[in-house]
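Participant: Handing you a structure now.
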Amino acid sequence: MSENLIIFNARIVTPTGTSARKGAEMGQLRIIENGTVEVTKGIITYVGESRGEDRDGYYQHYWHYNARGHCLLPGFVDSHTHFVFGGERSEEFSWRLKGESYMSIMERGGGIASTVKATRQMNFLKLRSAAEGFLKKMSAMGVTTVEGKSGYGLDRETELLQLKIMRSLNNDEHKRIDIVSTFLGAHALPEEYKGRGDEYIDFLIREMLPVIRENELAECCDVFCEQGVFSVEQSRRLLQAAKEQGFLLKLHADEIVSFGGAELAAELGALSADHLLQASDAGIRAMADAGVVATLLPLTAFALKEPYARGREMIDAGCAVALATDLNPGSCFSGSIPLTIALACIYMKLSIEETITALTLNGAAALHRADRIGSIEVGKQGDFVILNSDNYHILPYYVGMNCVIMTIKGGMLYPVN
């Protein structure tokens with residue numbers, strides 16, 4: 001199959017632009033009836049109404065696909081996941097059902113520490129195979145770009161191993177998903193540094209960041225800025241050092257309590273602040289003013305039985321909101337794009353149009369990719385999804401059920417069985 005592709009007879013539905021859409025802009029989509037998209041060598045070269053399938057034989061080396069009037073959307077961007085890990089934590093789910101909190105499970109040695117132990121015991125091939133399995137499931141739900149975090153090693157060897165696995169998968173010539181790697185060494189305090197959080201931050205700054213940067217293993221640096229994990233000052237120190245070394249910045253912020261994480265993201269000019277269940281009004285305003293993408297993770301709130309982030313208020317305050325799954329082995333063992341969409345509409349009060357923007361262009365902006373993915377426009381990558389309907393309103397209507405029938409990556413067609 002060729003990377004040269006013509007999709008015709010499509011109902012094209014897309015946000016537009018090369019930066020995040022904020023506030024009311026998020027609800028503005030371009031819709032083209034009976035549309036055609038041309039992709040040449042993986043890049044979009046035409047978007048518009050049909051102009052005939054052959055111009056002097058120009059299209060003879062193109063694969064033709066009749067969308068039969070179905071909706072054609074940009075490929076989904078899952079901009080916050082933890083898909084490289086060992087083990088599983090199903091027992092913790094039953095603990096939460098009995099009333100234990102996320103933090104209380106961490107305090108008793110479960111949570112992230114449990115996955116760290118399992119991940120440290122696995123080798124490259126086993127971890128890579130498991131991660132590849134998750135990527136295949138993501139592709140079937142229309143994801144064409146994903147962010148993946150380290151953070152289940154919390155030591156030099158295993159953190160680098162996670163990042164090398166993501167690089168290996170991203171360099172696979174048969175890949176269906178582009179991977180943006182994030183270093184999350186500050187995911188939790190490892191047992192060997194218990195009570196010595198400042199020393200662990202020193203270790204990350206002096207021994208991890210330079211090696212990762214030199215070997216181009218990650219573009220972004222993230223930190224779990226939360227009460228009982230890493231303080232605002234510790235987070236600031238790590239992220240400032242990362243920024244000086246050329247990393248883009250992301251934060252796990254204000255998930256458990258209002259802790260000043262959103263404000264810190266704005267202060268440092270982070271790409272995104274993620275979770276934000278407890279973000280303050282001041283933090284929301286600061287993110288809007290600074291252009292920080294608010295990445296919301298409704299599946300995690302659902303699984304933890306926590307209040308949802310205030311998506312509607314954030315958009316109304318002028319924020320750029322993205323949506324992601326937060327696939328991980330503990331608080332959210334799900335990569336369900338369909339359920340993410342439904343929860344965002346039902347509980348975060350986003351419109352269907354806003355969820356599309358949040359999962360495409362704004363997700364791309366949260367990964368510093370809005371200039372090349374996230375919308376169906378000339379010059380961007382030929383990454384799309386085709387739905388099983390001409391009505392994109394089915395996205396939340398299909399609660400937890402997949403309505404994607406075709407994922408297209410760089411002009412390559414991948415039917416969904």
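Every residue gets a Cβ built from N, Cα and C, even glycine.
Pulled these features from Swiss-Prot for this protein:
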BINDING   His80, His82, His252, Asp326  Fe(3+) binding site
BINDING   His80, His82, His252, Asp326  Zn(2+) binding site
BINDING   Arg89, Tyr152, His187, Glu255, Ser331  4-imidazolone-5-propanoate binding site
BINDING   Tyr152, Asn328, Gly330  N-formimidoyl-L-glutamate binding site
Participant: For Arg89 (4-imidazolone-5-propanoate binding site), which of the binding-site residues His82, Asp326, Asn328, Gly330 has the nearest Cα in space?
Facilitator: Gly330
Participant: Going along the chain, which residues six or more apart from His252 (Fe(3+) binding site) have their CB under 8 A from its CB?
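Facilitator: Once residues fewer than 6 apart are set aside, His252 (Fe(3+) binding site) is near Asp222, Val223, Phe224, Cys225, Glu226, Gly261, Asp274, His275.
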Participant: Measuring Cα to Cα, how many Å separate Ser331 (4-imidazolone-5-propanoate binding site) from His82 (Fe(3+) binding site)?
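Facilitator: Each residue's Cα considered, Ser331 (4-imidazolone-5-propanoate binding site) and His82 (Fe(3+) binding site) end up 11 Å apart.
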Participant: When a 10 Å sphere is centred on the Cβ of Arg89 (4-imidazolone-5-propanoate binding site), how many other Cβ atoms does it contain?
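Facilitator: That number is 20.
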Participant: In whole Å, how far does the CA atom of His82 (Fe(3+) binding site) lie from that of Asn328 (N-formimidoyl-L-glutamate binding site)?
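Facilitator: That comes out at 5 Å between the alpha carbons.
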Participant: Can you figure out which of Glu255, Asn328, Gly330 (the binding-site residues) comes closest in space to His80 (Fe(3+) binding site), comparing Cα atoms?
Facilitator: Asn328
Participant: Excluding His80, His82, His252, Asp326, please set out which residues of the same chain place their CB within 8 Å of the center of the CB atoms of the Fe(3+) site, keeping sequence order.
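Facilitator: Other same-chain residues near the Fe(3+) site: Thr81, Lys149, Asp274, His275, Leu297, Thr300, Ala324, Leu327, Asn328, Cys332.
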Participant: Could you state the whole-number distance in Å separating the C-alpha atoms of Glu255 (4-imidazolone-5-propanoate binding site) and Asp326 (Fe(3+) binding site)?
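Facilitator: One finds 12 Å between the Cα atoms of these residues.
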Participant: About how far apart, in whole Å, are the alpha carbons (Cα) of Asn328 (N-formimidoyl-L-glutamate binding site) and Tyr152 (4-imidazolone-5-propanoate binding site)?
Facilitator: 10
Participant: Within 8 Å of the Cβ centroid of the N-formimidoyl-L-glutamate site residues Tyr152, Asn328, Gly330, which other residues of the same chain have their Cβ?
Facilitator: His82, Phe85, Arg89, Ile112, Thr115, Gly151, Pro329, Ser331
